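Novice: Per TrEMBL, transmembrane segment is recorded for 12-30, 36-58, 94-114, 126-147, 159-177, 183-202, 223-249, 305-332, 338-364, 376-393, 399-417, 453-472 (among others).
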Amino acid sequence: MTNKNSYRDILKTTSLFSGVQVLNVLISIVKSKLAAILIGPAGIGILGLLNSTLNVIVGLSKLGLDVSAVKEISALNEKNKSRAIKIIDVLRRLCWITGLLGAVITFVFSSWLSKLTFGDSSHTTSFMLLSFAVLFNQLTVGNLAILQGLRKLKRLAKASLWGSFFSLIVIIPLYYYYGIEGIVPAIILISVFTYFFSWLYAKKEFVNQSKLSLKETLSEGKSMIKLGFVLSLGSLATILTIFAIQIFITNKGGVDEVGFYNAAFIVINAYVGVIFTAMSKDYFPRLSSVVNEQVEMLKVVNQQAYIAVLLLTPIIVIFLAFIPTIISILFTKEFIPIIGILTFGILATLFKAVSWSMGFILVAKGDSKLYIKTEVGFNVLLLLISAFGYIYGGLTGVGMSYLVYYIIYLIGIKIITNSKYKFKFENEFYQVFLICMVLCLGAFYATYFDSLYLKYGILFVFIVASIIFSINRLDKKTDLIKELKQRITKNK
């Protein structure tokens, strides 16, 4: 495959998810607005704490199968399809086992979870009911891993879109009629609909319905469980860190304050989610298939980082220019305090994209010990600097910490991948990244100008410059403009 074709494939995949992500963003906008109006900052805070607790439980119970299964299925699908089919069957059975285990743990320890999360046992019943969500979330993990491993990206995107759409349909009546009391039923029903659509689009791959015993299932899935468990410790460190940060903010500033924190990251994740969704859904299996071929691995990582940076830069600059407007559209005036955390948080995503491009090498290589050490170490750092940032700067301080963390993480992961795997970026990437960084930092600096005319005049220049630069560079790699002209002519 030529370089241009490789770049086109990455852009095509990102475009596939961007189309879906645009709709997901629109759905997220409506959901955020409804949540802000109907349950307020306190409700968003409770929702965030419940979801974070569930993420910890699911992170523990799924044993990293979402990662190890994708790696194994994607590798086998190229060389041994019959074995891949059997692994899919084993994965589904393992997801039922781990899902039921997670549900039982949630139910049994519901009182303790309530005290840990909220400081009292008032939410015990909520956690009992949420045990159903744990089961359905785990089953969804298996279905999506199958689609991702087989690179059935269109079906994966459709499952995501329909799940998002029905989550909106669910929350409207529940939040309207029951307010905060509707949060738990909403989480459960959303998990059911998400599972249903993941099953609907993955069921075509359920071709091997062999009757494996529990012992045979565990034996066949031993390699997935072993790798997945080790990798899950790394991803669990991230989940626990986010959970710990939320608990810390709740104890120091209250539920409203953690509601603002969650609202900020809902916006950031929705706005730039397409880039990171494409990286996790397409880039990881693509990298896994060539990770043992040094030249190909270097090429794939460089191409992914290059495309990600060019796509993110105009998005970040535009976001920085219109943060107050975005908040007023998505939420209410109560959420103005999140401007600071959003400003620094969105800037951090530029460094996050590059560091993620390299970070996936550790997972694709299956270097579990190094991956765990890296993830645990950096997440402890994130927790410490986030706590420090909140104590001395409130929510804006958390945003600053987030930016500082990803700059440090980028430097650290670059040193690790270079020394361990001889990874290096091409000179062209450094040139592009430097220009993109200057454009983003320039727009960031302009947001602090007092004069509205001067501020928006300069921001307009940066918006235009970032768009022109990104399109120009993408065109050199993919013949983007030529392809767009051909499509327009064809449609006429």
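Every residue, even glycine, has its Cβ placed from backbone N, Cα and C.
No curator has checked TrEMBL annotations; they are predicted automatically.
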Novice: Kindly say whether the transmembrane segment (305-332) and the transmembrane segment (159-177) touch, using the definition of 3 or more Cβ pairs under 8 Å where each pair is 6 or more positions apart.
Specialist: no
Novice: Against which stretches of its own chain does the transmembrane segment (183-202) lie, if we need a Cβ under 8 Å and a gap of at least six residues from its ends?
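Specialist: That would be 39, 43, 46-47, 50-51, 54, 126, 129-130, 132-133, 136-137, 139-140, 143-144, 146-147, 152, 155-156, 158-159, 162-163, 166-167, 170-171, 174-175.
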Novice: Go through 159-177, 223-249, 338-364, 376-393 and flag the stretch with the largest number of C-beta pairs under 8 Å relative to the transmembrane segment (399-417).
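Specialist: Per the Cβ count, the answer is 338-364.
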Novice: Return yes if the transmembrane segment (223-249) and the transmembrane segment (453-472) have at least 3 CB pairs under 8 Å (sequence gap of 6 or more), otherwise no.
Specialist: no
Novice: In the same chain, which residue numbers or ranges, 6 or more beyond the ends of the transmembrane segment (376-393), come under 8 angstroms Cβ to Cβ?
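Specialist: For the transmembrane segment (376-393), the far contacts come to 233-234, 237-238, 240-241, 244-245, 248-249, 252-253, 399-402, 404-405, 408-409, 412.
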